[in-house]
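Enquirer: So that we are looking at the same thing, I have put the structure below in structure tokens.
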Amino acid sequence: MDHDSLKSTHNNPPINPNHDLEKRLGASGKPKVRLGQPTDGIQPTEVFDGLAGALVEGSTQVDYARPYAVLGGPGTGKTSLLISAARDFLLQGGSASEIMFFAPSKEAATAVRAALYQRMAGEGDYAASGTFVRSVHSWAFAFYRSVQTLRGQKQPRLITGAEHDMQIREILRGTEEDGNRYWPANVVPALGYAGFAQQLRDLLLRATERGLSAKQLQQLGVEHDRPMWEAAGHFQEEYQQVQRLSRSESLNASELLHATLAAFEKPEGEQLVERQREKVKLLLVDDAHNLDPASARLIESFMVPGTRTLIAGDPDQCVFHFRGADEAFLDSYSQDPDHRVVLSASYRLTPPAAQSVNALRRHLGAQPSRVELRSASAGKGAGGGFTGAETVQVTITPTETAERLKIVDVVRRAHIEQQVAWDDIAVIVRGTGSIARVRRTLMAYGVPVKVDPTSVVLAEQPLVRMLLLAAEASYRDLTVAEMHSVLEGSVGGADPVMVRRVHRAVALAIRSAQMAGQPLRAHEDGRPFQAADYVTELLNHPDDPDNQWILGHSGPREQEVIQRVSAVLEAGRQAWKNRQGTEMVLWKIWQATKLDMHLRAQALKGGSLGAQADADLDAVMSLFDILGDFAERNPHAQVESFVENLRAQKVPTGGRDQRGVRAGAVEILPAHAAAGRQWKVVAIAGVQEGEWPTGPTVGGLFGQLELVDLLDRGIDPSVPVARINDAIEEERRLFLLALSRAIDSVHVTCVRNSGDEALVPSRFIAEMGVEPTELATTDEAEAAAGSMVSGSGAGALPRVLAIESLLAELRDAVTDPNRPGHERRAAARNLAKMAQAGVHGAAPEDWWGMAEPSTDARVLAGDKIRLSPSKLESWSTCALRTFLDSNGGVSESTEPMRVGIFIHAVAEQIVQGMELDEAQLAVREILPHVLDGPAWKDAHTVARWEEGVERLHDFIASYRGQELETERTLRARVGQTPDGVEVTLSGRADLLVTNPEDGLTQVIDFKTGKNAVSYKTSAESPQLSAYQFLLTLNERPGGGGQKYRPGGAWLVYPGAQTTSITKRDQVQLTDEQLSGVHDQLLEIAPVTAGPTYLATPNDGCRYCDFKAICPAQDEGNQVI
């Protein structure tokens, strides 16, 4: 039996004594296999009485001259009545081919088939060769294909909304490139925008649904002075011409319906329809309120007086007007009270939920057939444990974070306390933009999550995006940003820390290559390659021998990451080079990732990670489904075409049809996707004014609503129409639909605050008639000290029923010295119990920041403390930053560092005799390779340093005739610390100038910054003082053992843009001052050796690289 057939039987097969042996050995000559729909247990069959019961049983006492409308609110059994009618018809001997069941969507059709199978189980023998439960479009496609086959025409193909949108954008792009032919000049710049294509598509769909041809649309545009309608009509003509060139007839959903209706007017179509009308004995239509006019006409084609026809719907749940839905079809058959059944007992809603739905319905427009809902006693759930008013709860929180935590708490409590399965819980939001935030919060607390597939564009799914990048790497080089994504994605499996380690290792290899004199690569604009550039180059060209040195300093883990990515990319390249098909290229890439078994195992484990793995696998399956269809339609297309095609699809296409499969995860979905579905527990998030209801929809650039009003209601487009009331009505119906999805309990959340962007609860909250619970703000929570955990944000955060939250609260209490003693002791007792139970994080040894230091040894260079003049001031400013900087905290050089190295090298060459023009030539030729900014900025920097080198050359030339020494290394022993550790001081002076007349030596230190320090700062500079001190302890070269005599020191700024070179001096130090320097060095030496380092806030904190781990900064505060 295929998925579309139903079979159930009471008959047991005769006992075969060899059955077990045959089962083990597979010895049966003709083994029989029967596949059945997965079920969650047989559902009870509803019992209908009165007219409803007569319609279900097919009583001959009922007049079937006209169809019967079955009306009722949420959960009243409209669909169940239709299913029961089909079941009884089959059990009474009817044939499946005599039933036509129209479902509103393929998902709904799947659910109806599963429910019908459950009810048929155990009811006797029954079999069917095909399904009679289909969506409207499935019926249309089947009939249209049959007519085309009879007429010998090419077979149709139903394209998705994403494909339709892509085709529209391709034609618009061609119009933009080839020259505008019919669009108004003022909109031509917008032709390439996705929003333009989307609005055009909506207009064409609405026109097609109402049977409007391209010529008619043009004519309406001319008649009503609507140039956008006229242009859209011309576009529709061009679109249809393009479609006629394809080998198959590609139709979107709206075109399919009208093509089918047109085919029914052909002789072959008329015969097909007549045969079907003669055959059908039972015609069932579900959710008729969501049918568009074309769908209604298709169904009416098979409606015959005397045939039992039941049309079920609820005008109060019509929420798809934006897709062309119209209640007119349902209303036309529900006007006659003699042919109308109104169901009032909801088998889904609890009494409080029914009251809230009734309260909302009173704010909707009048409906003659509307009756008050009441909750049927059998519909209070399956022992979920929810009672009384708690089945409908409204919570107002002070912040959006608090709202999301409240949702997490609702979900977790339902699962843990009420034993509700994850997949029996849903979170409904107004639009797809809210899904990501809710998803992240739920997953952070270990809740498995499933996102509605119609809310995600396939090419934007993370794993699919990585596979597409790998496919692109088979025929082109990836950019640095793209390769970074691959490394950090599922393919590379590296986290940001590991990527940083890879880049550091490559940076070390670059420096080694520089020192070895190896030529390094640069971009076309002269910028030198950075570590990320070399990693990208290596992965783009792994076989290039010139790239092998790049991993010379990489450890095993870094090399493993590179090799993993390289293997995946190389698999795609080899398949592409061997001219294998598009499917094989993607398949080789997927195989090389080796993610299949890993994701499968993760998915089977369940939990939040399992749900994500399940979603990844679904996305990959959807990718190969689409790839298979693409390859079938385009057998000679290359990988490039497929990747471009898929990336161009900007509209979600939905996932694979997994009939009967339950994900074991909480589903997050927009309200429209919840239509026709139910869960035991539902949370409705973000019910804010301005978001729910959202602002009224207008006709947009194309006047879509004006066109619909003209065609449906005869309203001239020039007549202003107030749409706010209709928009609010639609939003209210949508909220009613969301509110009525829960069997056991529904929880509505919103935010009220008065910040810069004030958030206000929706008006629908008040219309529910439920008293909301408003969570306290921080100040109120601290005063109450009860149900809330006060935080440091704008509002208090609710408790979440999760181990992580409980641990955090107990640990906060036990370590807070301001808490009362009895609270701290109680928290400690609870933590001890949890630790004994094996809960990780409960025992103090598991707490970050609570463990003893791994060592208290001082940081020494061998057995000495080595000081550097250039670091003395920074040790005094902030010891922590200086220690981290000095011990590998920042490994890659920055542009200012590289410029400094270059200018110091130029200064050394000038001392050796380099002429000014040579120095400036070096600036022009070499400096661009050092810079890594944009070209315009680099050119400015080069020009600035040409002037700076001229000032530097003049400054050094002014000392001609004196004794000059460059890059002179000075070392000396300073003394010992109180505990006997030797202290040394060493540094390299940029320039020493000794006056032959007085024998005094000046120390000159070149600075490449733009701004000079103050005179006071230079006069007190520890660096210059240390150099003067070092001179007294070092011998002059060739001086016969004579020591230097310090004569002062200078800070020189050749890069400062002044007429003459900028200098800051420090006068010659006296013997007393030099003795003070000695004492200061011995005083600062223990600070540099640690093992603890003080973080001191200062002006340089704004530019510090270590704020994220600094205890003196908010970013570095302890959070655990």
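A Cβ is built for glycine as well, from the same backbone N, Cα and C atoms used for every other residue.
No curator has checked TrEMBL annotations; they are predicted automatically.
So TrEMBL lists these for the protein:
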- GLY72, GLY73, PRO74, GLY75, THR76, GLY77, LYS78, THR79: ATP binding site (BINDING)
- 51-350: domain 'UvrD-like helicase ATP-binding' (DOMAIN)
- 361-676: domain 'UvrD-like helicase C-terminal' (DOMAIN)
- 1-41: region 'Disordered' (REGION)
Enquirer: Write out, in the order they occur in the sequence, the residues of the chain not among GLY72, GLY73, PRO74, GLY75, THR76, GLY77, LYS78, THR79 that have a C-beta within 8 Å of the mean position of the C-beta atoms of the recorded ATP site.
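Expert: In sequence order, the nearby non-listed residues are SER80, ASP314, LEU343, SER346, TYR347, ARG348.
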Enquirer: Indicate whether GLY77 (ATP binding site) is helix, strand or coil by DSSP.
Expert: coil
Enquirer: Which whole number is the mean pLDDT over the domain 'UvrD-like helicase C-terminal' (361-676)?
Expert: 83
Enquirer: Let me know how many other Cβ atoms fall within 10 Å of the Cβ of GLY73 (ATP binding site).
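Expert: Other Cβ atoms found within 10 Å: 27.
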Enquirer: Around the Cβ of GLY72 (ATP binding site), how many other Cβ atoms lie within 10 Å? Please give the count over every shown protein chain.
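Expert: Excluding its own Cβ, the number within 10 Å is 25.
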